[in-house]
Amino acid sequence: MPCHEGLHPLVPNFCTVTSPMNSSHLAPQVQGLYDPQNEHDACGVGFIVQMKGKVSHDIVEQGLQMLVNLEHRGACGCEPNTGDGAGILIQVPHKFIQKIAGAEGITIPAPGQYAVGNIYGSPDPLARAEARQKFNDIVAQEGLKVLGWRDIPTQNEPLGETAIASEPFMQQVYIARPEGLTDDLDFERKLYVIRKLTHGAIRSPKIDTYWYVASLSARTLVYKGMLTTAQVGQYYPELHDPDMESALALVHSRFSTNTFPSWERSHPYRYIAHNGEINTMRGNVNWMQARQALFESSLFGEDMAKVQPVINIDGSDSTIFDNALELLYLAGRSLPHAVMMMIPEPWSAHESMSQEKKAFYKYHSCLMEPWDGPASIAFTNGKMMGAVLDRNGLRPSRYYVTKDDLVIMASEAGVLPIEPERVAKKGRLQPGRMFLVDMEQGRIIADEEIKQEIVSQHPYGEWLAANLKSLEQLPSPGNVPGTDAESLRQRQMAFGYTFEELRILLAPMGRDGVEAIGSMGADTPLAVLSDKPKLLYNYFQQLFAQVTNPPIDSIREEIITSAETTIGGEGNLLDPRPESCRLIELKTPILTNEDLAKLKALDDDEFKSVTLDILFDPNQGEAGLKTALDNLFTEADQAISQGANLIILSDRQVSAEKAAIPALLAVSGLHHHLIRNGSRTKVGLVLESGEPREVHHFAVLLGYGCGAINPYLAFETLDGMIAEGLLVNVDHKTACKNYIKAATKGVIKVASKIGISTIQSYRGAQIFEAVGLNQSVIDEYFCRTSSRIQGSDLGVIAQEAILRHQHAFAPRPGDLHTLDVGGEYQWRKDGEEHLFSPQTIHLLQRAVREGNYELYKQYAALVNEQNQKFFTLRGLLDFQDRESIPLEEVEPIEAIMKRFKTGAMSYGSISKEAHESLAIAMNRIGGKSNTGEGGEDPERFTWTNDQGDSKNSAIKQVASGRFGVTSLYLSQAKEIQIKMAQGAKPGEGGQLPGKKVYPWIAKVRHSTPGVGLISPPPHHDIYSIEDLAELIHDLKNANREARINVKLVSEVGVGTIAAGVAKAHADVVLVSGYDGGTGASPQTSIKHAGLPWELGLAETHQTLVLNNLRSRIVVETDGQMKTGRDVAIAALLGAEEFGFSTAPLVSLGCIMMRACHLNTCPVGIATQNPELRAKFTGDPAHAVNFMTFIATELREVMAQLGFRTINEMVGRTDILEPKKAVAHWKAKGIDLSTILHQPEVGDDVGRYCQIPQDHGLQHSLDITQLLDLCQPAIAKGEKVTATLPITNINRVVGTIVGNEITKRHWEGLPEDTVHLHFQGSAGQSFGAFIPKGMTLELEGDANDYLGKGLSGGKIIVYPPKGSSFIASENIIAGNVCLYGATAGEVYISGMVGERFCVRNSGVNTVVEAVGDHGCEYMTGGKVVVLGQTGRNFAAGMSGGVAYIFDETGDFATRCNSAMVGLEKLEDPEEIKDLKELIQNHVNYTDSAKGKAVLADWEASIPKFVKVMPRDYKRVLQAIKKALEAGLSGDDALNAAFEENAKDVARIGGS
């Protein structure tokens, strides 16, 4: 049945994608590709608490001041005076309430005996009066009494037009506490019930659409709105009343990706303020909704039904988190307990966690999956104030404790001016850790103490031992199915196996336990456009994290991931009992045949399984499939009613008479059927199927609710491959083990791409978009999945299954059972179609070599004429007939080509010759070439020839690996591109195999020759939208003349992300298609991640226009752009600049061997091998000819359509129309109306970029003070010294000065030419990219990203004079210091946060303690840590060396030893160098810790542990060997490379 029918009475309809009424007035509803549900936000959060609970007005004022100092973490939209939201939560100010309510004639009882509510209401007095009366009636029905109402005075003069136009009326209500409610929480529970009832009864078009209860409590009060941080105190003048007293203030500044008004999405919420994003939200909501049917609570009693639905599904992720936390708290758990359930530590592989605590987390994982994602959450109930950080430590949180009992925590240090002598401690929140101030006890309760009290409340370990069963504990049945060799080929055909899948996908999984790696992009048709029957999985594309939240690093940060999961029936979340964990524990969701046999045999009081066939009669077509599904659902209902708590769906009995129901259809259909029935959590779903075999299949099945999967035919296929010699040197058992390992790691990687760390949280999360499925199929079987172009219905799905079945069971001799060739991954005759076929490649190469436009037209015709064979969405579009104009009236080719770019292809992935040819070609035509993420040889910046050519790439890319990103590199850019994602592998980092890291590549990348490089999946300085704004600001400081470009990949919601990018002041946003090329990527990503650019581009343009942001930003697109027609359609959909990658490479000679990752390119393009590079025959003129032909064809189209300029074309979707009479058996159901939608906005709204972004550099410390101060050094190299104050709002200090020095002095200046001494708390990115000759000395503390991209400068940080705390035990600098630093020195007297020296490739530094993930991905430099490190030190470290002063002798337990060895210090020269570094540290910082180490140096030496990358050590030894053999310089390095690169399979130790 459809989503909206037959719902269990306690399970609200959450399948409907949109709510009937948008929560924000004036905000647009769903239209075209825009959907308000895709909005994201991020922010700054902070609190101040008087630890002893003493109330004062000072706390409120300091909270407001803190808010103003977090202004740069919020945002404004198209109006500078309309904020995204800000607010403050305080304790109920009794003195003020008594005074102000008394003036209204309202008698207020004693504190705690009444509640206060701040409520948004309608500006219409009549609607407001009706709403108040309804509220009063409901309160009375619940046995409580309203004491009265008052209007809250507001001042809206400072607000922008948008905020005023949607402004609610602010009102306050008072409710008396009845005598019967003696317990404080009983009163809060009743207020919760009232709030839920009144929301449902009042918030509607009939009464009051503005109605929203910001807070209703006897303890806390919230003032917030669609305000800037400074406007909070202005809008609510009563906040400045001296009687407005509190012992705590929780504040929040919001940054939304949209500009649409939303008063209620501002924070704080009732219990939390949140900085970050919950990545698992879809799954969390699905499971919370599914659990509601089982909710019972002795504390709520009959009121339980009144508070449902618990979750506001139209709210933001923060709203929903607050909803769930509130329920768990009010249903009986303490607030810290509820937080531990929702945001658990990464406990399963924690080497030092107690068994008692692990038992707590394991027990609660049986009740609820983690709410996972980057999060710093502050929480309060008015009596305690706490904060917790996500398991990955992805948001910053710093705190001060003062000697006069104040606790100040915020996203940054320095948000309030505190005299150094008042500070008792400076600290930070740590990953997964909790921080709690209990005002009743008057103290800070440490993480260990809080959690120990909670984990010891029940004997969780005993409960688990008695009830939770592992697969290993289950008895082994005797009969386990094996391989049926005789029918294997026929069954493979029935499930659509191809020979290509065996060879390319399954072989590396079975042989090596790894996913298959491929290269180039996907140029085959979408599943809905293919002539061939496709598996249903292929209609689903993986979504991924970009900008608003980061992907997770499942390789280097494996310690925070988990594949463990449970299956079975859940209990009541609100009434935990020993038997609540009566489940079966799985180490991986991929089951062997033996595992499944154990589950099938279960039949007792604890566990009962039932196996249901998922088969249908192929002769009955669609009706047969529909009937079989309905019968399956009925059988499942019956099984559950008879006590089954495990349902196994099986297609093992497939036969000539019975075809297999597509497994995904059966799993997801049943999952959603059971949710609708309210019985989903009573049962676990297991699949036994011959259909799934690759990572994507498993990921989609798990994402749609499957608990475990037995891919029995894949196991049999591995056996068959061994027998046929396709798999060698491995037996069947090992092959199956390897296969499960590859599949499990692959699924974790897919989950990590969206920022999810555990398979448990990924299950049921539905993080996919359907491309080409009809809405009726979505509503019935895949509720709440986006499917924006419609497409195939159930009839087509049935037809595809039947075609496979008929092909397998057609009468033929047994020896004619041969698998289809495939052709998905490489072009094959009779295989799947490819846009780049041998014919199109040959024609294009002839055309560009001969300069023959007529040959190009033949090539373009083959690509463009997709009437018979559809490939792409643009192939389904036609131009409407319009009055043409003469060709000479169209803007010239030269003007058009200035809009052309080549895509980001790194020096390393392609050869020097190919890379430079593209740069020369694009510079000739006035376009732009892109360095890619591998940096650029500085020699190219000034190279020229007699023709005036230049090899300097106009676009310098900044990717997560920061390879080659220096002050000089950035200074030579016309455009700097931040690579957030790549079309071929969004959510993953770039990858360069070790055999391609030749010495000349390693030199440019500042890495080790022969050692593979994998960039981190996230930018470690971009975990949210406000972080991106910071990097944009940093890079603009590093080169004020360059445009800043942000590269995104098309996915649902990319439009709202692009709006956030525009608000973050990017100059250009690039929306790449999923089909873009790559030098190396998992095949799963190449095929199944991301969406066509047509969808992403259209959504981006529509959303930017709706937000009135389109005129502020250039929109670019790329991805399989091959012809002028492609460019024309891109312009009409909203782009004004265009990128090409694969086609220019083909122009230069690429023949699409798709072996770029192997370094064996036969035409010298995708290789570093000198012998193969010699075969390169390309010429810049070939690429010039290609671009000229594209522009020529485009001009012809423009003349045909009557356009004189590109600007006139941008966004003119009214010129496009779907092709008429599409007869394709699948494509005929496609609806492109959403892509062609035109937003209805006024003529004053720009449709292309016309207004330059205001980067606000004129307000920076560099511009206002430092540039003039340092002019003698910049101009003449003279020494400059100065002392200046600094605060947290002074960001990127020194970077503009550094850029000016670099532009004049490429090699920098002599040491200490500029020496600036700052006093205070430095803002983010202090000293970013500063070159040699600059020294920044900071007396105080620093926030995140200190020394980012340091390019030779020196940074010194130490506590203020007068500080009494011990520096080495306090946080002095924030997270991600020295990210991507390439040269220089840094000395920090104190502790630093997480990810210190991530991707350091040349800086020498001394610090006194570091957080988790220190020296991650480091490739060069020296790091000295004179104290403790966090966990996972040296993960991915392939170069440089670290020295750890290991006083406690346990450093080895916190070091990731995958790529490094731990050694003792023995070399006298090395010991001398180390001592000199520490002595420098003491000299610069006066470090007490450094002095202590040096004071007893001989005793200190044995305590140092040297962390040495094994790859790096091997290279050094090889160089030494080469030098001893008489080689020198580059010859020695090349010899070392040849020696080191013999192990060609290694990729950076992975």
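From the backbone N, Cα and C atoms, a Cβ is placed for every residue, glycine too.
Listed in Swiss-Prot:
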ACT_SITE  C43  active site, for GATase activity
DOMAIN    43-440  domain 'Glutamine amidotransferase type-2'
REGION    925-948  region 'Disordered'
BINDING   C1150, C1156, C1161  [3Fe-4S] cluster binding site
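Note on C1156 ([3Fe-4S] cluster binding site): other Cβ atoms within 10 Å of its Cβ, all shown chains, come to 27.
Note on the region 'Disordered' (925-948): residues 894, 897-909, 915-916, 918-919, 954-961, 963-965, 968-969, 972, 974-975, 977, 979, 990, 992, 1000-1001, 1004-1006, 1015, 1139, 1184, 1187-1188, 1306 of its chain, located 6 or more positions outside it, place their CB under 8 angstroms from a CB of the stretch. Across the structure, the residue listed as 'active site, for GATase activity' and C1156 ([3Fe-4S] cluster binding site) are spaced 41 Å apart at their Cα atoms. As a summary of secondary structure, the region 'Disordered' (925-948) carries 5 helix, 3 strand, 16 coil according to DSSP. The most densely surrounded of the recorded positions C43, C1150, judged by C-beta neighbours within 10 angstroms, is C43. Cβ neighbour count for C1161 ([3Fe-4S] cluster binding site) (all protein chains, 10 Å cutoff from its Cβ): 25. Under the three-state DSSP scheme, C1156 ([3Fe-4S] cluster binding site) falls in the helix class. According to DSSP, the residue listed as 'active site, for GATase activity' is assigned to a strand segment. Residues C1150, C1156, C1161 make up the record's [3Fe-4S] cluster site, and a Cβ search at 8 Å around their centroid adds S519, M520, I910, L1145, I1151, M1152, M1153, A1155, V1163, I1165, A1166, T1167 from the same chain. A mean pLDDT of 92 is what the model gives for the domain 'Glutamine amidotransferase type-2' (43-440).
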